[in-house]
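Only one structure is covered here, and it is reproduced in the block below.
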Amino acid sequence: MSAPVEEKTVEAPVDTEKSVNSDSTEEHHPRGQNVDIETTANSDGLYLVKDTDLGLKLAKDGSTVLIPQPSDDEEDPLNWSWLKKHKAFFALLLPSLLTDWGMTWGTTMFEAQAATWKMSVPDVARSTSGGIFLQGPGGILAVPLIQRYGRLPVLFWSQVLGCIMVIIATFSPSYACFTAFRTLQGFVATSPQVIGLSVVHDLFFFHERARKVNIWAFTFLFGAFFGPMMSSFLLSKISWELDMGVLAIWYGVSAILVAICGEETLYDRQNGVKPTAGASKISLLIGIAGWKSKGQSSLITVSKHLVSVGIKPQLLLPCLFILVLFTWAIGIVTTVTQFIRPPPYLLDDTQASLFYFAPIVGGIVGEFFGHFFNDFLANTYIKSHGGKYSPENRLWGAYVPCAFGIGAMVLYGQTLQKELPLVGLGAAWSMMVFAEVVSTTAVSAYLLDIFPHHAALASAWLNFWRTTGGFCVTYFQTQWVARSGAAVTFGVQAAIIAASFIFIIITQVMGRSWRLKFLPPAAEI
């Protein structure tokens with residue numbers, strides 16, 4: 001029997017989360033109506049986070065409002081035990097790690113593949129572009145399936161299909177065939193980057209989410225560097241084909257982990273029921289339980305909502321900042337070996353592998369920083385605003401990473417241009433990854449706050465914009481450096497990051513009025 005949620009029960013709940021996108025107030029609802037507190041808080045676009053007098057269910061501290069208000073149903077994921085919640089969350093992390101890990105794994109093989117296929121290294125490097133690009137559309141197309149059939153089957157099949165695509169790519173007889181299946185790998189294996197916000201929303205209360213979002217974001221960004229480092233170490237001992245085989249094994253292990261630890265977290269909070277309650281684990285995994293369940297939105301409805309959410313200015317503008325930042329960050333990942341292997345640095349396979357510790361350090365520092373900084377921002381605001389919280393406050397968390405991103409690109413370009421010691425490149429790359437982790441957490445937490453009932457939809461658009469710019473960088477990055485010089489190339493990229501930060505500032509100023517004017521679609525379960 002699941003352990004009850006840690007709470008102090010007082011009077012019946014009102015709905016505090018949907019009101020952040022609403023201009024109406026509602027009366028307190030009597031106990032037993034199972035009202036979703038995320039839907040009806042107050043009329044000024046703020047979360048009511050601290051209160052002891054409105055008859056809401058509270059956390060153990062006796063003052064923090066539980067958002068959303070949990071039902072009395074044992075099947076409600078909010079009522080699961082700490083262990084069950086974190087087991088389900090843990091099952092999400094390796095698939096999330098493998099999304100960017102799986103695509104950047106091959107970035108250390110370009111030189112070996114160029115010899116196999118008798119092509120130039122820059123031409124071979126384009127084998128990753130299609131997969132990176134299709135991570136965006138793949139996430140968008142996964143959303144209706146996530147909302148209709150559940151989180152668990154989409155997560156499971158993404159790992160199974162990813163494994164199959166890598167196996168076929170490994171045995172491909174030509175560059176064209178290899179590239180085609182690597183592209184399909186990016187398309188089918190990206191859904192963990194979309195499911196993550198939904199799972200966090202399903203399992204955790206408002207005051208717990210920022211740290212969980214930070215951990216989830218860290219995993220898929222950390223994988224972009226840990227994967228190539230591992231691949232590079234292996235490449236010094238085995239062929240690139242066997243190296244790809246190891247990646248396939250990782251996908252297989254991930255699928256097994258999802259099968260063992262994964263839980264279906266989709267819950268109908270409007271009606272207080274779990275659509276797939278009582279289903280067997282195998283039927284949940286392969287999607288039969290979700291197909292047979294009733295009450296979820298149809299594929300067509302979710303698709304319409306997806307478009308509606310995607311054009312809201314309160315989502316679009318922060319995502320455009322992420323687009324710019326990640327375009328240049330992905331450019332570093334996909335071209336770095338083309339700078340550190342030739343003169344003046346001349347790194348061999350082992351040295352190139354060790355160089356990937358630089359972004360890993362940046363990612364770890366970013367995770368620890370975000371783990372505490374986002375809660376500090378939230379708690380400071382709540383204390384100074386009478387227990388209320390404005391989602392736009394989350395975006396203050398983007399200021400520090402923007403500064404680090406600008407500094408990283410300038411340092412990277414100057415180090416290459418002036419052939420400064422390699423530590424300059426390492427420091428710059430570390431700073432950029434710090435910027436990626438912290439900015440992604442800030443924007444993701446903001447989108448989850450303003451689209452709580454459309455977490456998968458908001459996450460899909462964030463993932464789309466995050467990956468869209470990066471796919472094309474390999475087509476022009478090295479040529480741009482050769483033509484204009486590294487200092488100019490990366491200096492211009494730094495300036496573009498600085499200019500794009502206006503999107504964050506505008507959203508902070510206009511976000512609340514936009515949320516009251518451009519309301520989200522009807523809530524989905």
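For all residues, glycine too, the Cβ spot is worked out from N, Cα and C.
Record features (TrEMBL):
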- 1-39: region 'Disordered' (REGION)
- 1-30: compositional bias 'Basic and acidic residues' (COMPBIAS)
- 154-172: transmembrane segment (TRANSMEM)
- 213-235: transmembrane segment (TRANSMEM)
- 247-267: transmembrane segment (TRANSMEM)
- 315-334: transmembrane segment (TRANSMEM)
- 354-374: transmembrane segment (TRANSMEM)
- 395-415: transmembrane segment (TRANSMEM)
- 427-448: transmembrane segment (TRANSMEM)
- 455-476: transmembrane segment (TRANSMEM)
- 488-507: transmembrane segment (TRANSMEM)
Given the transmembrane segment (354-374), which of the listed stretches 154-172, 213-235, 247-267, 395-415 has the most Cβ pairs that are under 8 Å apart from it?
213-235
Contact yes or no, the transmembrane segment (427-448) and the transmembrane segment (213-235), 3+ Cβ pairs under 8 Å, gap 6+:
yes
Hey, which of 154-172, 213-235, 395-415, 488-507 has the most Cβ-Cβ pairs under 8 Å against the transmembrane segment (247-267)?
154-172
Hey, which bits of the same chain come close to the transmembrane segment (455-476), Cβ under 8 Å, at least six residues off its ends?
122, 125-126, 128-130, 132-133, 135-137, 139-140, 142-143, 146-147, 190, 193-198, 200-201, 302, 305-306, 309-310, 315-316, 319-320, 322-324, 326-331, 334-335, 440, 443-444, 447-448
What parts of the chain pack near the transmembrane segment (488-507), using Cβ distances under 8 Å and only residues at least 6 beyond its ends?
313-314, 317-318, 320-321, 323-325, 328, 331, 392, 395, 398-399, 402, 405-410, 412-414, 416, 477, 480-481, 514
Report, as numbers and ranges, every residue of the chain located at least six residues beyond the transmembrane segment (315-334) whose Cβ falls under 8 Å of a Cβ in that stretch; write 'none' if there are none.
104, 107, 125, 128-129, 132, 224-225, 228, 309, 359, 395, 398, 401-402, 405, 409, 412, 429, 432-433, 435-436, 439-440, 443, 446-447, 450-451, 458, 461-462, 464-471, 473-474, 477, 490, 493, 496-497, 500-501, 503-504, 506-507
